Structures are given as structure tokens and as C-alpha cells.
Amino acid sequence: MSSSSSCSASKRTATTRTLTLRSVSPTPSRMEFDFDAIDEEDSPFPEVRASVSNIDDPDMPAMTLRMWFVGLVMCMASSGMNVFFNFRSPAPTIVPLALLLISYPFGKFLAFTLPITSYRIPLPYLPRFLLPMHQPSFPPFRLFVNLLLPLTLPRVVEVSMNPGPWNIKEHVLVYIMANVATGTPYALNAIVVSEVFYGIHLGYWFALTLVLATQLTGFGLAGLCRRFLVWPASMVWPQNLVACTLLNTLHAEDEDDGIGMYGAATGEGGKGMSRYRFFVIVASAAFVFFFLPGYLFEALSVFSFICWAAPNNVPVNQLFGVHSGLGMSILTFDWTQISWIGSPLMVPWWAEVHIFLGFVLFYWILTPILYYTNSWNLAYFPISANEPYDRFGNLYDVQRVLLPNDTFDEAAYNAYSPLYLPATYTMTYLLAFALSTCVIVHTLLYHGQSLLNGFKKIRVEADDIHAKLMRNYPEVPDWWYAIAFCIFFSIAIVTVEVWGTDVPVWGLCLAVLLPVVYILPSGFIYAMTGQGITLNILAQIIPGTLLPGKPLANMIFKAYSVQTLTAGTSFVQDLKLGHYIKVPPRATFMVQMISTVLVAFIQVGVKEWIFSNVHDICSPTQPSQLTCPHNEVFFTASAVWGLIGPTRQFGTGSIYHPHLYALIVGVFLPLPFWFYQRRYPKSWVRYVSTPVVLTGVSSIPPATGINYSSWFAVGFIFQYLIRKRNFAWWSKFNYVLSSALDSGTVISVMVIFFTLQFPRGGSIAVNWWGNTVHEQTADWHRTPLKPIPSGGVVWKGWTPTPTSLASATSTP
């Protein structure tokens, strides 16, 4: 029997078990039920009805041996590669949807080849004679005996390596593993920055315990929020609908749909191209093609052809450059550049329009205005960079303002230099301040009533069909999640105490209090509107104020607080996905917990190996492009908020004090659109979302202009033109195309690195014009518009001391 037919049979069987029937004719027949007379119950939300099945087969196996094998192998391999790519610029990423597609033929292959024999494994049990034959009279002893009595019964576990066709529940558990385990741990940024930029080396076990604590404290927190964020039907979680659609399509797909690579049938009565044939062709082509921009012709990646024609014209290089410019040249032939901020084939068109409009407004219009008018002395520094600068135009040397105990030295700071930010970084913080208030006001205006209704009926909301079907499975007790929360919070306490991180226990309690407070509001907003609440600014201001001058403490506080909320939201999202596919909740619990713990060892191990074996890592001239862009951004934030402190950077009299007025601007940004939409409900203004405009450009830095302009160009082709003109081809192949490009490119990057760049110390190189032309431009060298004046850049709020004047004369 084919997979599709077996799937249909299981669905029909499940229907007879779960749905209420109308009266049928008493006349005997071969059909027990009249399926046309079924009174079907479904979700009240049309988008859920279109994507999620409203039937279930409780007998379908989920936690099988082959599921664990496929899921753990793929998660460990992909998580290790994503940690490696995290240090590369540009960085491809193995996305969970790619693993969802790759695991499908893998699972089908195992279902076809593994033996179908079942094995009965006896479990050890207590001999009955060890317990008294009669109930003891002493109550505590009687309770103890009653607890042990079940352990005296012989039990066996039946195990089958091949319990039937590869099914949707096994498949979604593999995807849930990928979703929670393949992303690079946020805490690795703090570990790398402390080692590379501050010279603080705390070792492998510190890194491992910190990663485990930050990843899994949110897991316990997420489980305690299920009754609010998972079980109610009003918590839609629209991000899960794409995965549900793809899963249901794969497990009930009729390949003979007549849709081929170009959207036409291969012939009358012929068969259209399958998704997997398409995936293999595109992935293979992407693998081969990436050798051009990735090794043989690197100028195709940094395709700043206008800069090649005028290599010394600084404004032209700043506007049209790719390496450090604003990317107005648009073209690049490197998929890692195009997908740096996410695949343009996965983001809805309306969101792409919002994001690109925000990018044009803030980075193609406002940033050049501020830069070329030399606001905040921006013109003395590169227009786009990941690192902070001192007043002499050099990268900020944090070692000059650190005491031997790695805390801030104010006298040295006054003798050295304030910390200056490049133009794009300045704009990023300006938008972050505006977003922090804008998202709250927008949510209250547009979704306040919905949230209020949700709070009012959260405990009395009637179960939809999906919640009713999930009653067939035992629920995970809350105390399981509470114990997980306590265990991993305790690990966090051990981490900060044993390794002397300057984070007091009360600071750690405050760090975890932020996500505890924000998990429900963030979850409600994310589940209903697709917008989350970020803690980045808040998680840096609080430790910067309470623990001033301690960059390591600031980084650990931020990593723990931000990652607990992010991981908690991700875990809740996957719990809802398991809810939609009708996976036993205890299976989802085990998969999330075990995969995240095991993958943490791999991720920290890969990081340790890279920094022990790759020469010159995190250097701007690293030959394999392992320049650590994300870690540079994290370092800049640690210097701004942790070392120098928010008071010196943004307080009264500081150079960036005007940024605080963005908090007020953010309050009023949504108001005109809301009032206009209230006056004209049918106008296009109702589609405007100011938080999406502000937050969509938050990847700058380390992303640059080309990552947005080329991303939008590709998105326009696939998400607008092709979707509009050939929806059948788009719906069948678009997501597959994205995953194939990601997969083929990622494999090519690994092959190039380990066969051509890593051996012989990187001496295997192709030296010709196509690999050097982009390096002879002002764009590549990050040349600023204005030369540094004699004595350095001096701003009126900071007066150079005699010591600093002497150091200026000796600074090149």
C-alpha cells in the first residue's frame, strides 16, 4: 500500500473514532458509516482550517527508534555546521525546513529497508518476597509498600525498528528537534567575545554549563505557559501553518499532478516533477555553482562593479559598496549574501515590502543625510562597520580602559577616548529605542481588545477539535517543567559562582525575572499577531546601571535574559505545532529536552575546535572569511552597555543623548496610521505595521546594504511575480527551492573550507583579477569620508586630558 493510501486509510479510521455522526439508515450494508453524513467539527479560524488536519489516528507510532536516529543525527550535524557558519561572513544557515525536507526520503528509506521484526525486552522487577504479604498498619510504611508493589510485576517492552510506513508524527518530531536545537546558542557570543576581545578564558565546562542554562531555563518556563499559549484555539501561531501545510502535503501528496519544473505537464497523461527530484536538481546545481562566488571568482559575491570603476571615490563606494557600503548596486551572485537575513522565498510579500521600505527610509535616505552632514561626527568613521572606534579612527582598544580585574578604568577612559559608533550602528540604536515603545503602543491600539478578550476567557474558552483530539494522550504534569526550570536555573547559579563572572545571584534572579514577566505578553502577541517583544535593550540597560564597568557580567546577564525568553517562545511554538499534528505531549517533551541537551555538547565542542585549529579567526583578514561578524556586534554592545555604560553613552551631556528622544517618537509613530485606518477602514493604510518597519532592519549590523537590496529583488521575483502569475508552480516548488539552495550552498561551503581553505594553512588559493579586484576599493578598506583631524576627533562633552594629548601624538 502506498503512503498516501495508507494515510487516507488511517485518516478514515480516525474519523470513525473521533467525530460525531448523524443518524444513518438501519439497512445493513458493507459500509458501517455514511461518511457523507458526518457532521465535521473544525477550527474556528479559516487559516487553521486550511492548513491543519482535524482528524487523528491515536495508534500511529511517534517516538520510534528510527525517529530518534534520523532526528539526532541530522540535528547534531546541522547544529555543528550552523555554529561553524556563525563565525563566517556572509553566513549560510541550515534552516529547520530544509531538514524537514531532507528527513522525508531518509525516513522513507529506513521504513523500506529496516526489518519489521518486533523485539520483546523484559524489564527488571522486584522479587515479591521482598515486600510483606499483608498491608502494614503503619500509614507511612503502608504508603511506601503500595508505591513499590507495581515494581514487583513482570513487564516487557516491545520494540520494533520498523513499525510501519514513515508517518507524519515521526516527521514532525524530527522537525521539532531541528527547530529547538539547530540554532546557534546566543550564549556563545558572550563566550567568544570574552575570550577574543577581553582575554578572559574560562574553559569548556563554563561554556557548556552556560549554554545549557540559557537554552533550557526557557524550556521549563514554556511548559508552564501551555494552558495560556498552546491549548486555546485563539492562539493560532501562524508561523506553524507553513510547516503544517508542508507536512500534510508530503504525507498525502499525489505526485501525478502534471506540474513540472516549468509549470507544465510533461505530456498528456504524463507525470509532473516530484518535489524531491526538483530538490536534488537544484541542490546539486547550487553546490556546483557556489564554487564560483565562494572560491574561484569571489568578485561575484562582492559584486560592486560600480566601485571597481571608481575604486577611490569614497561617496560612490559608500553608497554602492557591498563590503561596507549601503548596497545600492543590488546585484550579487552569492546565495549566502542574498539569504543573510533569511531566505527571501520564505517571507510573505507584505512583510518584505514593509522591511524594504524601512531599509530604504532609514538606511538609504536618513543614514546618508546624517553621515554627509557629519552629525555626531559620523563622517570621520566608516559609514558601515561592526566595531566601535576611538577618537583617532582606530578600532576601540578595550584593553586600555580595563583594570587588571577586567572592570572599567575611568581615569584611563578619560585619558584615552570616548567610544564612537559608525553611522549604521548609530541608526540601529536609534531604531531600537523607537521600537521599544512603538511595539507596545501598536499592540495596544491594534490588538488591545483581542488581548483583553484573551485574558478574560483564557480559562473558559471552549476546546476546539484539536484540543479535544489531544485528550487521547496523557498530558505532561506541570511539575516536570517546574523541575526542569529549577534544575537549569541552579546550573546557571553554579556557573556564575564557580567561575567568578561578577554576576551576583540576585543579578541572575533579576535576569530570569525579565523573561518570566514577558513570556506571556510576548507569547500572546507572537501567537496572535506574529510580533514578539525583544529584551535586548532592557537586558543591557539594567546590568549596565546596576553592575557598571563589568562587561562580562553585562554579557552573561543579557545572554541569560534574552535567550531564556527567545528559547521559551520557540519551545511554546513547537508545543503548538505538536498540538496541531496531534503528537503525544510527553513525546514532544522528551524530544525537546534530550535533543537540546545533546546538541549543546556538539555546539560547544565545535566552537572549541574552531578556535584551537583555525588560524587568525575573528580577524578581518581571515582567509576563509571566518571574521566573526555576529561576535563583533555582540562585542560592540558589551562595550557600549557593559564597559563604558549607558550613562556615558546616552546620558545627559553624552554624544548620543539625542537617541533617547526616539523613545518619545516611538510612542507617536503608530498613531497617524491608526487614526487614518479608523477613518477609512478599507484603505491600504490598514496593512501598515510600524513595528515591522522598525524591526525588519535590525540585522544591520552585521548585515550590510547588499543583504537587503538583493534579498528584496529575489523576493519580488518569487513572492510577487511568480506567485501571482503561476501560483501552481509556486505552491509546489517555492519552499523546496529555498531549502535546496540553502542545502546545496551549505554543503559547498563545507567542502570548500575543508578541502581547499583549511589545508596547508590556507595557502591553496586562486590568485587572479576575479579574486582581488573587489579588495582594491574604498568599499573594502572601509574608508571614511573625512580624515581624522590632528589630535583626534574631539566632541564638546569630552575634554582631552594632558595624558590623552600625549597619547594622541604617539598614536598613528
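Positions of Cβ are set from backbone N, Cα and C atoms, glycine also.
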- request: State the residue range annotated as transmembrane segment by TrEMBL; the candidates are 550-572, 596-618, 734-756.
  value: 734-756
Message: Is it the case that the transmembrane segment (172-192) and the transmembrane segment (479-499) touch, counting contact as three or more CB pairs under 8 Å in which the residues of each pair are 6 or more positions apart?
response: no
Query: Same chain, outside the transmembrane segment (67-85) by at least 6, Cβ under 8 Å from its Cβ: which residues?
result: 91-94, 99, 102-103, 106-107, 110, 170, 173-174, 177-178, 181-184, 188, 591, 595, 598-599, 602-603, 605-607, 610, 746, 749-750
Query: Is the transmembrane segment (505-527) in contact with the transmembrane segment (316-335), using three or more Cβ pairs under 8 angstroms as the rule and ignoring pairs under 6 apart in sequence?
result: no
Task: Six or more residues out from either end of the transmembrane segment (97-121), which same-chain residues have a Cβ under 8 Å from its Cβ atoms?
output: 3, 66-67, 69-71, 74-75, 78, 156-162, 164-166, 170-171, 174-175, 178, 182, 242-243, 246-247, 250, 275-276, 279, 346, 735-736, 738-739, 742-743
